[in-house]
Structures are given as structure tokens and as C-alpha cells.
Amino acid sequence: MANKKVISNEIDQILSTLGEFDNGATLHEIRKAGGINLETRSLQRRLHQLSKDGSITISGNTRSRVYHLPDNAYNRHTPKAIQLVHELSAEILLSSAGLEIKNLVSQPVFQRKPVGYRRDFLMSYRPNVDSYLTDADKDQLAYIGKTNTLQQPAGTYAKSVLERLIIDLSWNSSRLEGNTYSLLDTQYLISKGRAADQKDTADAQMIINHKEAIEFLVQGEDEIGFNNYTITNLHALLSNNLLPDPAASGRLRTFSVGITDSVFTPLAVPQLVDEMFRVILDKVDSIKDPFEQAFFIMVHLPYLQPFDDVNKRVSRLAANIPFNAHNLSPLAFVDVPQKLYIQGLLGVYELNRVDLLKDVFLWSYERSALRYAAIRQSLGEPDPLRVTYRDDIRHIMGEVVKKTLPQEEAVKAIANFSENLPQKDRQKFIEIVDTELLSLHEGNFARFRVSPSEFKKWQQVWKI
């Protein structure tokens, strides 16, 4: 991600270029006339945000889209350009290839062509010669993912944020599997070891397994890498007490499996599963760039389905191996839409096309990096949802603290309160309140109109 000054200059350049066209300009015309050195996806993202901001208008369909600058718009809107820096990550703007894949895999199953595992999809990939990520992608990820511990021993940064990482990654990865625990439920389970009432026991087990798997990766020192030991034991930890056959944890599968709502049939021959698994490990271990490594394992491990189940979870946590090794910000899958993530994987399974999953990966890493890196403080524009519901957040926060609600009761109170909000905002609102409660301390509780005595009493109950 470019810094604020760079993005501001790019936006100025786009608006200035549009000012030269009385009847609007196409994407190609804007790039050509302005000499704008941006990849198509980045230029589309800037234009999309300018449109949302009201700085430009758009006409025409997708293939013949024309961008217009309203009268006197340049002088009126340029001062707002810098506000777009944080908003750029507010939603996933799909590339044209990603959108095409999304449309293809959204067709009814009976309209999609059944396919099997294509070994050439893996075998043809040449580490450090071929790359799913462009150089621009890697530069952007390196910029937003850098920390102040790059020169420290491997794992230094992850250990410094381990407590927060365990909660975030456990919750988000489990959420992508359909887990019903809230963020606060997850924190309570991890810190207190107490499962939420009226929740599936398997949901609690899934989260506990994530906690132990993350600790294994971060605290495993030199043994952790893209090797058989790490990946099989990662699976054993993530699948613990969740498989019909306990012996299947950490063991490559020996029978055929299917993919729900997909026309893809994974490789069935055990010897070939074992062979392809080792090829994946050899190739990913040979890749020099940590971001390409992470994305490669997110593509090929689920595609092979080497284990009986829990393959996606293994790939998501394994993607953090290179980030831990290089002291980069972790990938916690913050805010990633479950449906779009699955559609990205279906694009890999059925079409051997990675563009949609790549769109999700790039956006997801940006969101996660903003959660952990110092860049979040320097670019910390207010969350629009926090602004919209600031009074509601203050009210429910005050209610939880002033009434000294135990954590399990707080979860219910927050969920009940959110029912008064539009459905599209409820989940995010709950996450915001959960995060605020987990971040509450002696130096910030006054924001919620809570007295020192009320805070102290609440703190003793929550033991934060």
C-alpha cells in the first residue's frame, strides 16, 4: 500500500487528467493521458473511491465505462483526497478477472463442468520464476507488513502480539468455517477456558484447537517451516477431537473426498496424494518471497485436500509461517467475507484460476496489517461505523461496565442491543463493542461515561 503522500499525489493526478476531458475518459485514456504509473487494479480502486466520495461520476457499462469530472469538481474535492487513504481498504474491489471467476462459480452446480485434480497446475509452477503475485503486489504487501522487529530473531514480532493474535486469528479463521462464537465469546473461552452457553461443543473445540496451533507455530522455534513435521502436526492440532477417526489427525488421507457445492473432485489415489503433498512442500519452501509463499500454500494445500478434513484451516495458519519467520505483520483474516473466500477457492478448484482468491488475500493482508502494525496509528482515520454508532457504542459499553455484567451476560446483552440496528451492520457493531471491551483500561474508560469506582468493580469481575 502506498503512503498517504503518494496516494494523494495519484488522486490529484487522476483528477487533473480527467479535467482535460470534457466528455469523460475511459480507464485506458486516463492512464495514457496522465502517464499514471499504476496497475489496473490500483487505478480502478482509486476511481472507485473517488466515485463513492462524489468527486467523479461514472457512466456506461463495465466494458465501456467512462469517468467524468463534474464542473469545478477538481478544486472542490482535491482537499478530500487524503481522506481516501484509509477508505481504500473498506471493501474488496475485485479485479476484472476476479469478478469473472466470481460470476462463473456462482452459477448453479448443474451448469458447471465437473473437473478432477490437475497435477500440471502444481507441477508447472517454477518457484522464483513464476509468481502468482506481481512485483507491485509484493512491494505493497512488504510496505504495509513491515514492523520494527525485522532485524530481530524469527518470531519476535508474533510473540510480542501473541495474546491478541491468538484471539483474532482463532476467531476469524473459525468464523470462515461457520463457527458461531462471537469475538467476546472467543476471548472468554481462550482466557477462562469456559465455553459459551447454548453453543455447539464443536465450535469451542475448533477455537481451542486454533489457539494451540498458533502457539505451536509461534513458539516452535527452528523446527517450524514448510516441512512435513510442521504441516502434519499443525493439522493434528487443528483437527484434534473433531474427526470421526482420531488417528486421522496429522495423517494424509487414504480415501477419496468430495467438496460441498462444487463440481471438483480431489485426487483419490493415496500414493499420488502423498507425492503431490511433498511436491507442494518442496516448491513452497523454495520460494524466496514470504508473501508468495503464503499465497502459494493458500492455493495448493486446499486444492490437494491432503487430509481427511480441516485443510482450509491448515492453509490459513500455514500462510503465517513466512510472516512469523520474517517478523512481518501476521495474516489474521480480519473482516474477510466467508462467501467470497469460498468463491475464491472454488475458482482454484474448478478453474485453476487464482485471481479471485488473490483479490481476497491482498485485501485481507492489508486489513490484518492495519490491526497490528504501527502503520495503523499513522493512517488511523475514524471507522465510519464507529462514527455512525458512537452513541450506541457508548450506551452499551456503559451498560456492561456500570451493571458489572459477567462476560457471558455481556455477550447476550450486546447481541440483543444490536437487534435494533440494520442487519448489515450488526455483526460489525458487535465486533467493535467486543474489541472496545477487551481494550478497556484505566486510561480510557472515561470515554464511556463510566466512573472510576464503576470501572474498578467491572475490572475485578473481568480480570482484565
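Glycine residues also receive a Cβ, built from the backbone N, Cα and C atoms like all the rest.
The ATP binding site annotation in TrEMBL covers Asp309, Val310, Asn311, Lys312, Arg313, Val314, Ser315, Arg316. The DSSP secondary structure for Ser315 (ATP binding site) is helix.
Summarising the annotation, TrEMBL assigns domain 'Fido' to 226-366. Helix, strand and coil residue tallies for the domain 'Fido' (226-366), in that order: 86 helix, 2 strand, 53 coil [DSSP].
Sequence-distant contacts of Glu177 (site 'Important for autoinhibition of adenylyltransferase activity'), defined as residues of its own chain at least six apart whose C-beta falls under 8 angstroms from its C-beta, comprise Met206, Lys312, Arg313. Following the DSSP three-state reduction, the secondary structure of Glu177 (site 'Important for autoinhibition of adenylyltransferase activity') is coil. Among the features that TrEMBL reports, site 'Important for autoinhibition of adenylyltransferase activity' is placed at Glu177.
Other C-beta atoms found within 10 angstroms of the C-beta of Val310 (ATP binding site) number 22, with every protein chain shown included. In sequence order, Ile231, Leu234, His235, Leu238, Leu301, Phe307 make up the list of same-chain residues 6 or more apart from Val314 (ATP binding site) whose Cβ falls under 8 Å from its Cβ.
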